[in-house]
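**Q** Got a structure for you, questions after.
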């Protein structure tokens, strides 16, 4: 049975969906004012694998991942660039789609944008005003009054009184409490705005996600996810406003992905230590990046380094070598039940991908010993749930080399062929050994000599 670590209760719990066989999942997406960095990729890959696994277990998953396309950062960046907000967001949405496609991240079933749900957001704010959980401030903003929700803090488990007394939140004189947050921002000159019962303005960030999640999945759904940095205040505020409006639990399970770090610090645009997905893709195969991102449990911090990416590359080479000579899978090919069960046990333990990867390596060892097509097909199928081992093995094993390097290898193969023809076995063996020392393995066959990279 699947068990998930629920941030709400701080423990692993058996997963029971609201509707048998069906799962509603909402994940906070990106704010499109810049290119996605590898920290975004970690979250997107983690939830992609969760969706793939749940579907492999027979669940009908409705996966929603939003796009924040109106925000202070977007407005500021568009102004800096001298472009319209629509131009800016379109550019970075296209870039995000290119990144996710390259990383083999499945598209969500629904990808709502905040600007497409203004009426839904306004209706939700009206409900909160009618119930007494929100107020119109002196400056025209509509704010949520945190003191009206006694359970505030139940997700992040923070000392709320300490936050207020320590002034660790922004003090705004128009708010009744420092913890109150804006639901609707009064329009400012030159900024985008929409008509509302409270005048022209635009939605606050927190209310956008609540409104879009409820629009796509209903007032209650199964799983809400995002990066650990969103737990407070974003997800805490989502719970407060959603449950105040409906009187029901918002999401049953809250999953949070640990931070990607560089030298022990969170990778973030605000710090300036981030690597864009596009830049990393220039240097590394997409499946290598996926493997690296899954090499640590999704809740744990993960350190970015070239060494860790190299280790991921070597690991994938070993897996690809195990399946390189396997005949194509046929309709009647059966998967090995024992290895499926071992893999499922790992994934049922809160999507434990490091253990799942160790199962794949044990299976690869068996494939190498037995050369069994059934085991090899099982290996490819299980790895496919993690989103890799899906390329042509020869293509992958020759990837990552410049064309000039490939030409040198082909030239050396030709020289070796000539040496063999001249019965100069010492030279032929030396060329093979030299290439092997550089991680290039030669294989002689009836149709000639082929080569592939191997794990050094």
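We count from 1, first residue shown onward.
Glycine too: its Cβ is placed from the backbone N, Cα and C atoms.
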**Q** Which one of these stretches, 8-18, 19-29, 30-40, shows up in Swiss-Prot as motif ''HIGH' region'?
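**A** Here Swiss-Prot associates motif ''HIGH' region' with the stretch 30-40.
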**Q** Select from 256-260, 261-265, 266-270, 271-275 the stretch of residues annotated by Swiss-Prot as motif ''KMSKS' region'.
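**A** Motif ''KMSKS' region', as annotated by Swiss-Prot, spans 266-270.
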**Q** If you count Cβ atoms within 10 Å of the Cβ of residue 238 (Zn(2+) binding site), leaving out that atom itself, what do you get?
**A** 27
**Q** Around residue 269 (ATP binding site), how many other C-beta atoms are within 10 angstroms of its C-beta?
**A** 16
**Q** Applying a 10 Å Cβ distance cut-off over all chains shown, what neighbour count does residue 209 (Zn(2+) binding site) have?
**A** 28
**Q** Going along the chain, which residues at least six beyond the ends of the motif ''HIGH' region' (30-40) come within the CB cut-off of under 8 Å?
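**A** For the motif ''HIGH' region' (30-40), the far contacts come to 67-69, 71, 73-74, 76-77, 88-89, 92-93, 95-96, 99, 227, 259-260, 266-269, 274-278, 280, 289, 293, 304.
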**Q** What whole-number Å value do you get for the CA-CA distance of residue 28 (Zn(2+) binding site) and residue 269 (ATP binding site)?
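**A** Cα of residue 28 (Zn(2+) binding site) to Cα of residue 269 (ATP binding site) measures 17 Å after rounding.
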**Q** Tell me the Cβ contacts of residue 234 (Zn(2+) binding site) under 8 Å, same chain only and six or more apart in sequence, or just say none.
**A** 28, 205, 206, 209, 226
**Q** Just the number: how many Å between the Cα atoms of residue 269 (ATP binding site) and residue 238 (Zn(2+) binding site)?
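**A** Cα-Cα, rounded: 24 Å.
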